[in-house]
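> First, the structure itself, so that you have it in front of you.
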Amino acid sequence: MRESIVRMEKAAKTFATPEGQTITALGGIDLDVRRNEFLTLLGPSGCGKTTLLQAISGFVELDSGRILIDGEDMTDRPPYRRPVNTVFQNYALFPHMSVGENTGYALEVAGIGRQDRARRVAEALRMVGLEGLEGRKPRQLSGGQQQRVALARAIIARPKLLLLDEPLSALDKNLRQAMQIELKTLQHELGISFIFVTHDQQEALTMSDRVAVLSGGRIQQLDTPRAIYDKPRNSFVATFVGASNLFEGEAAAGRLVTTDGIAISHGEQGSTGAATALIRPEQFFLADPGQAGPILDVDLEQIVFVGSTFELFGRTATGRRVIAEIPAMRRGLVGEIEQSRRARLSYDPSAVHLIPAEAA
Amino acid sequence: MLTITARRRAQLAILLGPASLFLAVFFLGPLAIMIVTSFLAPGLYGGVEWTWYPHNYGRILGFADPMFEEFDPVYIAIFLRSLKIAALTVVATLLVCYPAAFCISRLSDRWKSFCLFLITLPFFASLIVRLFVWVLLLRQTGLVNNVLLQTGIIDRPVDLIYTEGAIILGMVYVFIPFMFMPVYASVEKLDWTLVRASLDLGAGPIRTFLRIILPLTAPGIAGGAVIVFIPALGNFVVPAILGGAKVMMLGNLIEQQFLAARNWPFGSALAMMVMSVMLVLLFSYVVVSSRRGLDAAPGR
């Protein structure tokens with residue numbers, strides 16, 4: 001395991017709402033961020049991800065616990081003495097300064113001479129694809145360009161860690177996807193750790209080395225994107241990341257039976273007892289007539305064409321909702337089931353993931 | 001047939017007509033009379049004599065008519081004192097209003113409107129009455145002196161009223177709302193994530209204030225300074241009540257020339273001098289602020 005660049009130990013923070021309630025933003029979080037890692041904090045709004053980020057940048061003071069950056073205790077250090085820079089959600093570019101002055105601000109503050117600064121500003125702007133725009137004012141730039149200036153400004157002083165607070169949420173979809181790839185490339189070039197906050201699970205899966213899924217001020221799971229998606233540790237993670245079909249029931253060797261009597265085959269021989277089986281929509285396929293093996297019969301309520309796939313929304317005989325995703329190239333078969341309003345869904349038992357009940 | 005631009009011009013003329021007419025008759029007219037009067041000779045028993053006479057300005061600036069009057073530096077002294085008092089009033093009101101604006105801008109909406117209401121509250125009472133209350137407080141037998149005497153801090157009354165200090169105090173009291181409103185408007189607009197961004201990039205609190213907060217609230221400060229400085233320079237109520245005969249400002253001097261000395265040409269010349277200072281100030285304010293605006297416009 002690589003050395004950690006950020007270590008949080010039992011970090012806790014509660015807020016009082018104006019209505020007199022207390023909200024646990026951080027419920028005693030332990031976290032290690034590795035060197036050169038792209039870590040994403042993923043969760044719904046109010047899950048504590050922004051508080052966690054601000055605790056690292058120094059804008060939120062912890063109630064208890066510690067934060068170490070590169071082995072140094074940062075817990076009581078103000079933001080301006082931490083080797084960390086942030087890309088803010090709304091870019092936060094200084095409107096009264098030019099692009100060049102914005103980009104060079106951290107160097108100016110650090111007392112680096114004019115010539116050196118100009119050279120490094122040019123280099124940083126080149127890295128984000130904005131060479132030669134030093135003289136412009138922020139409001140003369142497009143949203144995407146402002147985003148890049150914010151990025152250049154945050155990396156120019158070579159922080160040990162770059163924090164990104166939902167930086168792509170204001171961009172349109174195409175630009176956002178392009179920036180996702182660029183951010184990933186930039187992180188490799190710079191060789192520093194990125195901590196990226198988002199509520200967009202697609203973004204988290206696309207960009208990250210590891211994803212921390214947060215809810216209620218706690219890390220629900222910290223894992224690679226694939227493990228998060230394929231082997232969620234609890235049903236919150238399973239439902240928050242990707243679409244899911246969950247079947248709670250009693251597991252025995254190779255089989256799980258729900259309370260309403262649906263039997264799901266699975267490949268995890270060792271697991272017994274109360275558990276939840278997870279089948280992702282794309283793991284279903286339409287069974288050929290007379291096909292043997294595990295089958296789920298559903299009555300279809302809706303069939304939605306989304307381009308590359310058809311989404312089938314159905315219910316089992318006992319009324320349980322099921323979502324399946326069928327590749328669009330099988331449109332012939334889809335035509336048939338559209339007629340009958342019934343579908344026989346088959347799946348591979350070895351792909352079914354069991355979540356033990358105590359974790360769910 | 002009217003073209004569209006001609007029609008728009010006609011519309012504008014109709015809309016702006018009443019205001020333009022009013023200003024032409026009641027502002028430009030008297031102003032023209034004053035300009036002309038300031039270059040005429042004073043009559044022996046008041047009124048004016050229709051002869052070219054630049055020496056009204058000479059009395060102030062140093063080329064007086066040697067026949068009748070002498071150049072007297074007292075007028076320049078009053079001028080400079082008025083400039084000084086107005087400038088100190090600007091500085092003092094700013095020192096009071098700037099921090100207050102930050103505090104109030106961070107309150108909840110309800111407290112905000114309450115505080116803004118409190119700041120406009122003095123407008124509901126007559127200015128003269130409010131200033132006479134200061135007389136009651138500051139005079140030799142006033143509240144302040146009484147308290148200081150009773151507690152033994154002083155053993156005989158100190159001169160509080162009829163001093164420059166009293167005038168500045170009164171001015172600050174009168175002009176605080178004028179400074180507060182523009183300053184508050186720009187402080188309220190300040191984007192605090194910019195402050196965070198500055199701290200995040202390694203700038204300490206002082207540098208963040210100088211490089212981010214101050215430049216971004218500068219338009220409000222400049223606006224407040226102009227709005228306070230100009231009426232403070234020509235103010236005559238405050239020095240009349242709190243300065244008495246001892247500390248005179250331009251406003252009182254002009255009033256005296258018109259009403260007591262009945263030297264209208266000299267009074268007009270003084271008024272024109274005050275106005276030219278104000279015009280220079282206003283003009284440079286407009287030039288500077290519009291240049292800032294141009295700089296920020298897209299596609300420079």
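Cβ coordinates come from backbone N, Cα and C, glycine included.
These came from TrEMBL, pasted as-is:
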| type | residues | note |
| --- | --- | --- |
| DOMAIN | B:79-287 | domain 'ABC transmembrane type-1' |
| TRANSMEM | B:12-41 | transmembrane segment |
| TRANSMEM | B:74-102 | transmembrane segment |
| TRANSMEM | B:114-137 | transmembrane segment |
| TRANSMEM | B:166-187 | transmembrane segment |
| TRANSMEM | B:208-230 | transmembrane segment |
| TRANSMEM | B:236-254 | transmembrane segment |
| TRANSMEM | B:266-288 | transmembrane segment |
> As a test: from B:74-102, B:114-137, B:166-187, B:236-254, B:266-288, pick the stretch that has the greatest number of Cβ pairs under 8 Å with the transmembrane segment (B:12-41).
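That would be B:266-288.
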> Ranking B:74-102, B:166-187, B:208-230, B:236-254, B:266-288 by Cβ pairs under 8 Å to the transmembrane segment (B:114-137), which is first?
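By the under-8 Å Cβ criterion, the transmembrane segment (B:114-137) pairs most with B:166-187.
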> Which residues of the chain, 6 or more past the ends of the transmembrane segment (B:208-230), have a CB below 8 A from one of its CBs?
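Cβ under 8 Å, 6 or more out: 86-87, 89-90, 93-94, 97-98, 175, 178-187, 190-191, 194-195, 198-199, 278, 281-282, 285, 288-289, 292.
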> Mind checking which residues reach the transmembrane segment (B:74-102)? Cβ under 8 Å, same chain, six or more beyond either end.
59-61, 164, 167-168, 171-172, 175-176, 178-180, 183-184, 187-188, 217, 221, 224-225, 228-229, 232-233, 239, 247-251, 253, 270, 273, 277
